[in-house]
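Reading through the structure tokens given below for one structure.
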Amino acid sequence: MARPGQRWLSKWLVAMVVLTLCRLATPLAKNLEPVSWSSLNPKFLSGKGLVIYPKIGDKLDIICPRAEAGRPYEYYKLYLVRPEQAAACSTVLDPNVLVTCNKPQQEIRFTIKFQEFSPNYMGLEFKKYHDYYITSTSNGSLEGLENREGGVCRTRTMKIVMKVGQDPNAVTPEQLTTSRPSKESDNTVKTATQAPGRGSQGDSDGKHETVNQQEKSGPGAGGSGSGDTDSFFNSKVALFAAVGAGCVIFLLIIIFLTVLLLKLRKRHRKHTQQRAAALSLSTLASPKGDSGTAGTEPSDIIIPLRTTENNYCPHYEKVSGDYGHPVYIVQEMPPQSPANIYYKV
């Protein structure tokens, strides 16, 4: 039979294993490579900008570098814009300012956390399989900081395209354009930001027809694989939520069983003590063997004697009356000569 300490140790080990499995089941977030918002950054490709593929839980730092000796400081105001605004390089309507690069003496760092639900009312929230755009319509000078049209978005294609939850190796940009016809805004941006040397409209139609044929060709097609990937990632959120809820329920059950076990053990110990007390009292009430009553049962009760004054005899002490008839212990007293005895002559 295992000791109580060993049982407690085994329960805690099981709980720690379950918590470790729950922790390993959650996706591992990572910090993406920081982006320096400068016209000298070679990552901003002409006609495309910078395209990244973050996942839910990742973090991205956008850095406004400090002024360097011999170079003028670049002033920018960064916006989170809609696809049509990124295509037109316009932030006139409903601008969402993220950060302002206007402090030459220090480096400004703005961190974006890709999360589906933000605890902050003004926090950013992102959805899987959606595209988000960051750009600036400033021209780099202090006078052009508040520009709402053109700027480095148009002259240097300084924009960040964030494809949340998407795999860069799964499908090509052309397949994304044809496989998601409901996202008209995304299609508009992709068409507007194509390089000038892409080819004619006929070539583009031919590519669309090829992609549509691949989508209809069966389970091995790219469109079917994309759908399977979408359903898999959509089910991961529900899976993680179910695992977390299961861990909480398991811990609550362990706590409940522990409290119940302690109560049962306490009640059992109380009953054992009561039975032991009753047995000791019955033993004390049994007469001695040399008094000529060897055949008397141990359960015989000594009846208290009363004096003529209707008082209990002081030589008898009551032990207990909670379990039946009162039991008294006879105190052995030395014989005394009676005080008031009259003899008839």
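Keep in mind that glycine also has a Cβ here, set from the backbone N, Cα and C atoms.
Feature list (source: Swiss-Prot):
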DOMAIN    30-164  domain 'Ephrin RBD'
DISULFID  CYS64-CYS101  disulfide bond
DISULFID  CYS89-CYS153  disulfide bond
CARBOHYD  ASN139  N-linked glycosylation site
REGION    169-227  region 'Disordered'
TOPO_DOM  258-345  topological domain 'Cytoplasmic'
REGION    262-293  region 'Interaction with ZHX2'
Cα-to-Cα gap, CYS64 (disulfide bond) vs CYS153 (disulfide bond), nearest whole Å: 16
Rounded distance in angstrom between the Cα atoms of ASN139 (N-linked glycosylation site) and CYS153 (disulfide bond): 9
Residue counts (helix, strand, coil, in that order) that DSSP gives for the domain 'Ephrin RBD' (30-164): 10 helix, 48 strand, 77 coil
All-chain count of other Cβ atoms within 10 Å of CYS64 (disulfide bond): 23
Alpha-carbon distance [CYS101 (disulfide bond); CYS89 (disulfide bond)] in Å: 19
List of residues, in chain order, with Cβ under 8 A from that of CYS101 (disulfide bond) and at least 6 apart: TRP37, CYS64, GLU74, TYR75, TYR76, LYS77, LEU78, ILE108
Disulfide-bonded residues compared (CYS89, CYS153) - highest count of Cβ atoms within 10 Å: CYS153
Model confidence over the topological domain 'Cytoplasmic' (258-345) (mean pLDDT, whole number): 58
